[in-house]
Amino acid sequence: MNIPFPFSFPPAICLLLIPGVFPVSCEGIIGGNEVAPHTRRYMALIKGLKLCAGALIKENWVLTAAHCDLKGNPQVILGAHSTSHKEKLDQVFSIKKAIPYPCFDPQTFEGDLQLLQLEGKATMTKAVGILQLPRTEDDVKPHTKCHVAGWGSTKKDACQMSNALREANVTVIDRKICNDAQHYNFNPVIDLSMICAGGRKGEDDSCEGDSGSPLICDNVFRGVTSFGKCGNPQKPGIYILLTKKHLNWIKKTIAGAI
């Protein structure tokens, strides 16, 4: 199946989606703990050639990362806890339309956001619910406690996918630290549209299979998992901040969709 993409992007300066690589060696939540089944009702499992995750933000819209590979015939599974078998509470959807943020830059990962319009609308149940977008576009201050969920490896040296949804606690790190020579060294630049966050000496982190997962800080949806180095404390997880510009794009795209 070929997923349709809109053709109304601004020219030249805004790059179209091309498959990106999460620069890591394995997939999934590093460390963390398994969550109680169906307690993260907003989580969307995007199952194609590779796994990604996302957040259900309306009955037929999922927000994820632009670099997620949608080749093949991907499905969006809502209400999932296990990746290995179908559950009674699962709701499975094909993707009607994939709309990457028009200024996504696959080299720097700036604007690494993507909206997926589902074929059909989700039914709200005890396993499926909507994650509200933030009401304000405030920055997230250093030392803020956050959490991120996903499906994947529990150890950075073991790349076997986990069967269950797991969650890691991470703490926001000052961008000056993330950009210094001991961390990303401005390659790429961690700018004001990104959040840098890591766990206990790299023991808790997000990873490739978690791309697109929502970052929740103080019970507010603040960012989308973009890239990192899977538990490497020198390369903490980077999340796309839901800025005013990003939120306006999300709302206008959903309002203007057919």
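Cβ atoms here come from the backbone N, Cα and C positions, even for glycine.
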Per Swiss-Prot, which of CYS68, CYS207, CYS217, CYS230 is disulfide-bonded to CYS146? CYS217
Going by Swiss-Prot, tell me which one of CYS178, CYS230 is disulfide-bonded to CYS196. CYS178
With the disulphide bonds as Swiss-Prot has them, who is the partner of CYS68, out of CYS52, CYS103? CYS52
In this structure, the one of the disulfide-bonded residues CYS68, CYS146, CYS196 whose CB has the fewest other CB atoms within 10 Å is CYS146
Using DSSP and collapsing to three states, where does CYS217 (disulfide bond) fall: helix, strand or coil? strand
Please tell me which one of the disulfide-bonded residues listed here (CYS52, CYS146, CYS178) sits closest to ASN169 (N-linked glycosylation site), measuring Cα to Cα? CYS146
One residue among the disulfide-bonded residues CYS178, CYS217 has the fewest other C-beta atoms within 10 A of its C-beta, namely CYS217
